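> Handing you a structure now.
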Amino acid sequence: MKLLVVSNRLPLTVKKSKDGFEYTKTSGGLVTGLRGISDKIRFMWLGNISGVELDEEEKKVIRKDCWEKFHSIPVFIDPVLNSNSYDGFCNAILWPIIHSFKDDVAFTIKDYNAYVEYNTIFCEEICKIVEDGDIVWVHDYHLMILPEMLRKKSDKSFKIMFFLHAQFPPAEIMETLACRREIVSGMAHSDLIAFHSFDYAINFDDTCRANKVEVRSKLDAIPIGIDPAMFRSALKEEKTVERIKELREMFRGRKILLGVDRTDYIKGMPHRVKGFQRFLEKHPEFLDNVVFLQVGVPSRTSVKEYSSYITKMNELVSETNSKFGSIESVHLYFLNKSVDFNELCALYAVSDMLLVTSLQDGMNLVALEYISCQNENNGVLLLSSNAGASTTLPAAVEVNSWNTEEIADGIHRAITMSLEERTERHEINRKAVDTFTSVEWAEKNLDGLCDDWRESLML
């Protein structure tokens, strides 16, 4: 038995160098989840690594490097096909609909056909290596129709798990998607389909019923976790310790509010900034005592809705600092770039409060990462009730992220919260993060599929 993890992309980027190719590990929710299990569970990873033109000899070198260095199998996709599937269908059509942002979506058959071809290439690569008794673990919305393809193409006897890292919307939202039946039918050929919450599982089942798709799969809710030890270990590294000192000195005497998000419209960053503005209007006594640091990691910038989102954020940042700031004092910093892991952990550690105000969000692991870095500070988590993490972290200060007044009041509540209450809330959330780890998540998925996997896959 072998476990084959299948995702849209390998957790690597590759670029040409003088001596061949350079490989850089990437981050993200799935990567964070699976990196935590790599020393406990044996698996190989299959995913797209292309995006540039490569000749056959270069592909051969990359295949060898990926297997020997990362125990991974690269899938090579033509750049135009990749763009039409990833940007055109996945992120301009499927992503907004599954997060209930359906109004500006226009279905195009060209992009859907690219999605089908993309999944077909994955299917062909998997069929080359899958054997009787194996487990194929398919991840996320980029590969929703892959399970059905595998069942139809392969004559091998293997099990399929599917995990959706995003939301799954109510059936009436899915009704707006022209290919909805193909999508849910594709998923329904899995042995196990797992979601972050039971609400998403119920929505999937309702959509199948509405479209007369038979579901023989086992449906479950298994929220993903992180490896908290990885973050706490980074806090002890000299680079992180020094950066924490620098940040504390830089913002001495001020409460630090933090946001860390991809620049994605589902994350609700403009609503967060407007909530922060409203807080400053209602409580001017805090004007000289707070600073808001917002990290916006660039995401899907080739999709129009995402690039215009950054423009909107820059306008709001300028508006906030013009209205409330001065030559000596800036209230809102917006960093539109990725930060390295040590910098991220330092930001988590020094912040008095993290704002997660997603309008819709499958999970949001940033909330869990923040908790894992707050054992000394007992910072407060302001969390959207529309994020899947709200079911995992019961002691967060929960807000309706569509309501800027509620965000403003939540900020005030967090800033003025007593040390006793902060400590109590943090301890409840810490226990949740330490209990529902990425290893626990993977084990629960595998346990839901079969009983004998430990004998073959545990390291």
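Placed from the backbone N, Cα and C atoms, the Cβ positions cover glycine too.
Per Swiss-Prot, the feature D-glucose 6-phosphate binding site maps to TYR86, ASP140, ARG300; the stated evidence is similarity to another entry. Feature annotation from Swiss-Prot assigns UDP-alpha-D-glucose binding site to ARG262, LYS267, ASP361, GLY362, MET363, ASN364, LEU365, VAL366, ALA367, LEU368, GLU369; the stated evidence is similarity to another entry. According to Swiss-Prot, the UDP binding site annotation covers ARG262, LYS267, LEU365, VAL366, ALA367, LEU368, GLU369, on the basis of similarity to another entry.
Burial and contacts for the listed features, if you can.
In the three-state DSSP reading, ARG300 (D-glucose 6-phosphate binding site) counts as coil.
Under the three-state DSSP scheme, LEU365 (UDP-alpha-D-glucose binding site) falls in the coil class. Within 10 Å of the C-beta of LEU365 (UDP-alpha-D-glucose binding site) we count 22 further C-beta atoms, all protein chains included.
In the three-state DSSP assignment, the secondary structure recorded for LYS267 (UDP binding site) is helix. Around LYS267 (UDP binding site), taking its Cβ as the centre, 27 other Cβ atoms fall within 10 Å, counting all chains.
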> Roughly how many Å lie between the Cα atoms of MET363 (UDP-alpha-D-glucose binding site) and ASP140 (D-glucose 6-phosphate binding site), rounded to a whole value?
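Between the Cα atoms of MET363 (UDP-alpha-D-glucose binding site) and ASP140 (D-glucose 6-phosphate binding site), the distance comes to 13 Å.
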> Of the binding-site residues listed here (ASP361, VAL366, ALA367, LEU368, GLU369), which is spatially closest to TYR86 (D-glucose 6-phosphate binding site) when Cα positions are compared?
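Of the binding-site residues ASP361, VAL366, ALA367, LEU368, GLU369, ASP361 has its Cα closest to that of TYR86 (D-glucose 6-phosphate binding site).
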> Report, in whole Å, the straight Cα-to-Cα distance of ASP140 (D-glucose 6-phosphate binding site) from LEU365 (UDP-alpha-D-glucose binding site).
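Cα of LEU365 (UDP-alpha-D-glucose binding site) to Cα of ASP140 (D-glucose 6-phosphate binding site) measures 15 Å after rounding.
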> Anything within 10 Å of ASP361 (UDP-alpha-D-glucose binding site)? Look among the binding-site residues ASP140, ARG300, LEU368, comparing CA atoms, and list what you find.
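Neighbours among binding-site residues: none.
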> Quick one: pull the CA-CA distance for VAL366 (UDP binding site) versus ARG300 (D-glucose 6-phosphate binding site), whole Å only.
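One finds 19 Å between the Cα atoms of these residues.
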> Around the D-glucose 6-phosphate site formed by TYR86, ASP140, ARG300, list the extra residues of the same chain whose Cβ is within 8 Å of the site's Cβ centroid.
ASN8, ASP87, CYS90, ASN91, TRP95, TYR141, HIS142
> I need the CA-to-CA distance for ARG262 (UDP-alpha-D-glucose binding site) versus ASP140 (D-glucose 6-phosphate binding site), whole Å please.
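Computed Cα spacing between ARG262 (UDP-alpha-D-glucose binding site) and ASP140 (D-glucose 6-phosphate binding site) is 17 Å.
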> Can you tell which of the binding-site residues LYS267, ALA367, GLU369 lies nearest to ASP140 (D-glucose 6-phosphate binding site) in space, using Cα positions?
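With Cα distances computed to ASP140 (D-glucose 6-phosphate binding site), the winner among LYS267, ALA367, GLU369 is LYS267.
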